[in-house]
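Colleague: Sharing the record's features from TrEMBL:
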DOMAIN    A:81-266  domain 'ABC transmembrane type-1'
TRANSMEM  A:17-37  transmembrane segment
TRANSMEM  A:81-105  transmembrane segment
TRANSMEM  A:112-135  transmembrane segment
TRANSMEM  A:141-159  transmembrane segment
TRANSMEM  A:198-223  transmembrane segment
TRANSMEM  A:243-266  transmembrane segment
Amino acid sequence: MTALPSFLRLRRMQPNALLGGILMLVLGLTALTGLLWTPYDPLKINILQRLAGPSAAHWLGTDEFGRDVLSRLLAGAATSVWISLLTVTCAVTTGTLFGLSAGFLRGWPDRIIMACNDAVLAFPGILLALGLLSVLGASKYGIILALSLAYMPSVVRVVRGAVLSLREREFVEASRVMGNSELYTMLRHVLPNCTAPLIVLATSMFGWVLLSESALSFLGLGVPPPAPTWGNMLAASRPYIGQAVWLGILPGLCISLTLLGANLLGDALRDHLDPRLRGLK
Amino acid sequence: MFRFILGRAAMAVPTLIIVAVSVFIMIRLIPGDPAQLMLGDQATPETLAEARRTLGLDHSLPVQFGLWISAVLEGDFGTSISTGKAVLPLILDRFIVSSSIVLSAVLIASLIAVPAGMVAAWRQNSLSDLLIVGGATLLLSIPSFWLGLLLMLLFGLKLGWLPVVGYVPVSEDPLAALTFSLLPVATLVLVETGVITRMARASTLEVLRLDYITHARAKGLSERVVLLRHAFRNAFAPTWTLIGLILGNLLGGIAVVETVFTLPGLGRLLVDAIFARDYPVIQGCLLFIAGIYVLVNLIIDLMYPLFDPRVTAE
């Protein structure tokens, strides 16, 4: 893992990595701000100020209930980022656990885990999350659970694939010969070597999860209103988009910039950490 | 060749069984008694017992699964709780709407994206490569539901060129049907172009690095022949798989675009059924979409030898 520090050296950075990094940093700061402080209460209704355009008091205008859009965007960032982070963490931890066990133990644990994995992968995209949400009901933790389950199989595949090739390598053999237990070998020697593909996957996954969460909220199956998320703000803007353009543009712009950041950073990390592609640039 | 087709088709069967079992289990996980949900507050113990009998809930779970799956195989997906109509005709009606939009969008997107990706790979690190990759990454980062809203705002509300929401079936008025489906198709084309371009570029880059391309160039073939005959056909295979995955993914994911343009499609049917807690419809939609997904991937795999004859070599 000596790759990361050199990657973080600013002058060696690719412009797309820099842009991606900056976008993600801005997102993080926005979410943190939304968590700690917003100019107005994002839920405070003010009927007299309905659909008011941007002004000195309300920088980004107000929505159909007279709520401050900037405050709602900030609070929405906090919610969306929190849900995405938690989902990615859940998917990566459980996926790593299963992938590691499947690849290292092989035999019947491998067969059972991969059969379950294939069952989940047999559902296209967001469909599994939709199905699970019909069972769990629309709530913050329902989404996290549904999306974690939907995104876990890709982690299992990546980790299992890495482990299967790693376990045949000499340094793993050496650890065994030295008398280290299988568990120790797995955690000390195999797992750290899976981190590069995992970091790449987790970065891109953050973007996909945020997009899925926004889509579900847009459909009304995500975080229930009045709590703001970018997805449900967009959904609520639909009837007013003719009179209040900013309501339809701002939340979507936030989602797009976040996705752009995650995609650029994910690509840059992959180019850097995937040795197969390193000579290419 | 025949063995390849048969073998690949046989592989789809266990997947379909897994899908059916997962859908069945998922719906049974819903807390509460389906009969109670169906009858609502007016339920008396007698009507409840009657409903449980007609739904087959008085049997054990494996028997229930057997009854359900044999009904499904005969084309009986149950009846909708909220409308009392048969589920399968409902799904098929909506499927025609969704599939016509998805198919035309993916077709147009592929026709744009595959050549674009291949040109970008061929001219790697040039200005055109930079522009194509940048454009694709940008398109990839725009959520379809937001792009749909923006297009609607621009072409529907500001310019007034196209109808904003609604749907007319092709059978009633082909021209009106075209104007109503133009914006949803354009939305999906733009979003999917980004994904397919990147894939086409990446797989072409992989192929161009292989020895046989160097060999083809070394023996003096023109660049045109090297690319058209040797590189592109081979490079298309992974993109072809991706196109299949996109087709399947869109059938579930199109719900957001259908919501933007209020189209009566399959995705919207599923989402509305989730809101109405209409479990036979949810179950039917999940099974149908996942089934189509498996089928599409099977067809894609069966056509794979057209691009990569090595697949059938075993």
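Each residue, glycine too, has its Cβ placed from N, Cα and C.
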Colleague: Does the chain bring the transmembrane segment (A:112-135) near the transmembrane segment (A:17-37), so that three or more CB pairs sit under 8 Å (pairs 6 or more apart in sequence)?
Modeller: no
Colleague: What stretch in A:17-37, A:81-105, A:141-159 has the biggest tally of Cβ pairs under 8 Å against the transmembrane segment (A:198-223)?
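Modeller: The stretch with the most contacts is A:81-105.
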Colleague: Give residue numbers and ranges for long-range contacts of the transmembrane segment (A:17-37): same chain, 6 or more residues beyond its ends, CB-CB under 8 A.
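Modeller: Those are 7, 10, 73-82, 257-258, 260-269, 272, in sequence order.
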Colleague: If we call contact 3 or more Cβ pairs under 8 Å (sequence gap 6 or more), are the transmembrane segment (A:141-159) and the transmembrane segment (A:81-105) touching?
Modeller: yes
Colleague: Are there residues at least 6 beyond the ends of the transmembrane segment (A:81-105) whose Cβ is under 8 Å from a Cβ of it, and what are they?
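Modeller: Same-chain contacts beyond the flanks: 27-28, 31, 35, 113-114, 117, 140, 143-145, 147-148, 151-164, 167, 182, 186, 190-191, 194, 198, 201-202, 205-206, 209-210, 213, 223, 229.
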